[in-house]
Structure formats: structure tokens, C-alpha cells
Amino acid sequence: MTAEVTAADAEVLLAQPRGFCAGVDRAIDIVERALELHGAPIYVRHEIVHNRYVVEDLRGKGAVFIDELDQAPAGAIVVFSAHGVSQAVRGEAEARGLRVFDATCPLVTKVHIEVARMRAAGREIVMIGHKGHPEVEGTLGQAQGGMYLVETVEDVAALQVSDPGNLAYVTQTTLSVDDAAAVAGALKARFPGIVEPKKSDICYATQNRQDAVKLLAPECDLVLVVGSTNSSNSNRLREVAERKGVAAYLIDGAHAIDPAWLQGRRSIGITAGASAPEVLVQQVVERVRELGAVSVRTMPGLEESVAFPLPKGLSRKIAQTESLE
């Protein structure tokens with residue numbers, strides 16, 4: 001042991017489930033398969049998922065991350081990120097002759113379909129979400145007008161709509177379950193006739209990881225959340241732990257751990273956002289062990305078995321390539 005030891009004899013508790021969800025797995029697979037089929041460069045609009053490690057790994061394999069489609073040459077292969085895009089972006093891609101592989105999470109696509117259906121029925125739509133998040137921008141861009149964005153209960157109180165009797169609402173898929181429920185409750189109280197989604201828009205992985213932290217936090221005196229600062233669902237995990245009265249930090253990886261955080265801690269919880277790979281979790285565990293932790297235990301929890309298929313166009317190309325080998 002060295003003088004750096006700060007978590008002497010502490011136990012590490014791992015949340016279950018944690019880390020990659022099916023939508024993130026699929027999105028990364030799409031970029032990697034596109035690179036295998038077509039070679040570099042493959043252009044990706046926005047970060048494929050909100051994780052620095054994942055983005056840098058794909059960049060090293062030949063992915064080029066762009067903010068707007070005009071940064072890709074005409075006719076190039078472009079991947080849309082897991083967060084989804086607006087109808088305007090889809091139209092621009094078609095107009096420029098870009099070959100698109102769509103990595104939009106199927107659960108985000110479900111919300112897009114809800115928006116189209118509700119607008120076709122003549123309803124205005126309130127979206128619960130974080131302003132400026134790519135998923136929110138993509139969902140708001142599914143309709144030309146008739147949509148409103150709220151983030152808080154206070155936003156609901158100040159909301160002015162054209163037809164209060166003909167409203168529906170949807171939510172960003174990565175919100176705090178508790179916060180979204182509070183805002184939805186405020187919407188239903190103010191607009192009693194508002195139509196809600198047939199099934200919650202918050203995705204299974206967001207729900208499961210937040211539930212896991214609710215079980216983890218009472219057993220710990222510190223929680224480390226592995227995830228990037230621009231990851232919505234990772235930030236929500238940190239907030240869930242803090243609301244349970246536990247100190248919590250969001251970290252990109254083991255290098256970000258301040259040994260002082262671990263001083264005197266007896267039980268250190270670790271989880272990871274849906275866009276954070278397990279390799280980063282294991283590096284964090286190893287670093288905490290270097291700082292004095294003596295045991296590692298995984299909490300009981302759900303074993304997820306969700307998987308999403310690749311886009312049909314990409315699957316066909318893979319099958320054609322394999323048949324020629």
C-alpha cells in the first residue's frame with residue numbers, strides 16, 4: 001500500500017444493470033459495420049452517442065464526426081446519431097445525395113411516430129425535455145409548428161398554447177423518471193384533457209439504471225457514475241444518487257477520480273450511463289482498488305436481454321458481402 005491509499009478496506013458495490021443499452025450497442029455497431037463495408041471515411045452527424053471514449057475509439061477507426069451535413073461531401077456515407085434527426089435534416093441528406101445509415105434508437109423513433117400521429121390528428125404537442133439536446137431538437141423537428149417544449153413544473157405554469165382542449169404530450173427518452181412524472185402531472189392538472197403516450201416514452205434502460213441507483217445509493221456513502229458530462233442519462237443517475245442523500249460524482253473514467261473523494265468511505269457504489277462501455281467501469285474499479293478498496297460485489301438487479309436489429313439496408317449489404325466470401 002502507498003501513501004495514496006484513501007479508501008482503506010472499503011467495499012465496492014456495482015449497480016445492476018449499468019452501462020450500454022441496446023440502442024447504444026446498435027448505433028456503435030452501425031458505424032463499425034459501415035466502416036467495414038465501405039472503408040473510411042464514414043461521416044457521423046453529431047456524436048454517435050454521448051461518450052468521449054466511444055467517439056474517440058470510432059474516430060480512430062475512420063469515423064469523421066460533423067455538426068452539419070454540409071461538412072460531408074456530396075454522395076458521402078453518413079450515419080445519423082442515436083439521438084435522431086429532424087425531418088429537415090433527412091430532406092437535406094436526400095437533396096445532397098448522401099447515402100444514409102440511420103442509427104436513431106428505435107425507442108426515439110417510437111416518439112417520432114407518436115408526434116406524427118398526434119399532429120395528423122390535429123393535436124398540438126408539448127414535449128418534456130432539455131432544451132438544446134440533440135434528441136429534443138430531432139423530435140421537435142418532426143412537425144412544422146404546433147409543438148412546445150417544457151423542462152420544469154414552472155414551465156408548465158407559464159405555458160401558453162393555441163388550443164388547450166386539443167393537446168398531447170411526449171417526453172425525451174433519457175429524463176429523470178421522477179422529474180418527468182412531476183412535469184407530466186403538472187400538465188395533466190393544468191390541461192385535464194391532454195393525451196398521454198400509450199406507453200411511457202422514457203426508455204427501459206433509463207428506467208432500469210435509475211431504479212438500480214435507487215437500490216445502490218442507500219448501501220453506499222459515495223457513488224461514482226461513469227459517463228460523459230454531455231450524457232443526459234448519466235447526469236440523471238448522479239442526480240438520483242444525490243437525491244438519496246449520497247455524495248455522487250460523474251466521471252469520464254478512472255483518471256478523473258480525486259482520491260480525496262474516497263477518504264474515509266466504507267462503501268463505494270459504481271454505475272455507468274447507457275452510453276458508457278464496461279471497460280471504463282472496470283478501469284474505475286481497478287483504480288478504486290489501488291486506492292484501498294478490498295472487495296467488489298455486484299448488486300442484485302435486472303438482467304437485460306433487449307436487442308435491436310440493424311437497419312434493413314445495412315443488413316442486406318452485410319448479407320451480400322458475406323455471401324461473396
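Yeah, the Cβs are placed from backbone N, Cα and C, and that goes for glycine too.
As recorded in Swiss-Prot, the features of this protein are as follows:
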type	residues	note
BINDING	CYS21, CYS105, CYS203	[4Fe-4S] cluster binding site
BINDING	HIS50, HIS83, HIS133, SER231, SER232, ASN233, SER275	isopentenyl diphosphate binding site
BINDING	HIS50, HIS83, HIS133, SER231, SER232, ASN233, SER275	dimethylallyl diphosphate binding site
BINDING	HIS50, HIS83, HIS133, THR173, SER231, SER232, ASN233, SER275	(2E)-4-hydroxy-3-methylbut-2-enyl diphosphate binding site
ACT_SITE	GLU135	active site, proton donor
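For GLU135 (active site, proton donor), the same-chain residues 6+ apart in sequence whose C-beta sits under 8 angstroms from its C-beta are HIS83, GLY84, VAL108, GLY129, GLN172, THR173, THR174, SER232.
When the binding-site residues CYS21, CYS105, CYS203 are screened for a Cα within 10 A of the Cα of SER275 (isopentenyl diphosphate binding site), the ones that qualify are CYS21. Taking Cβ-Cβ distances under 8 Å and a sequence gap of 6 or more within the same chain, the neighbours of CYS105 ([4Fe-4S] cluster binding site) are GLY23, VAL24, ARG26, ALA27, ALA82, HIS83, GLY84, THR173, CYS203, PHE308. Proximity of ASN233 (isopentenyl diphosphate binding site) to non-local residues of its own chain (separation of 6 or more, Cβ distance below 8 Å) is seen for THR174, ALA205, THR206, ARG209, GLY227, GLY273, ALA274, SER275, given in sequence order. For HIS50 (isopentenyl diphosphate binding site) paired with CYS21 ([4Fe-4S] cluster binding site), the C-alpha to C-alpha distance reads 13 Å. Largest Cα-Cα distance over the residues recorded as binding isopentenyl diphosphate, namely HIS50, HIS83, HIS133, SER231, SER232, ASN233, SER275, equals 15 Å. A distance of 13 Å separates the Cα atom of CYS21 ([4Fe-4S] cluster binding site) from that of SER231 (isopentenyl diphosphate binding site). Long-range Cβ contacts of SER231 (isopentenyl diphosphate binding site) within its own chain (separation 6+, distance under 8 Å): HIS50, ASN51, GLY273, ALA274, SER275, ALA276. Counting Cβ atoms from all protein chains shown, HIS83 (isopentenyl diphosphate binding site) has 28 others lying within 10 Å of its own Cβ. Cβ neighbour density within 10 Å is lowest for SER232 among the binding-site residues THR173, SER232, SER275. For HIS133 (isopentenyl diphosphate binding site), the number of other Cβ atoms no farther than 10 Å from its own Cβ, over all displayed protein chains, is 17. The binding-site residues listed here are CYS21, CYS203; among them, CYS21 has the most other Cβ atoms within 10 Å of its own Cβ. In sequence order, VAL49, GLU135, THR174, ASN230, SER234, GLY273, ALA274 are the residues of the same chain, not among HIS50, HIS83, HIS133, THR173, SER231, SER232, ASN233, SER275, whose CB sits within 8 A of the CB centroid for the (2E)-4-hydroxy-3-methylbut-2-enyl diphosphate site.
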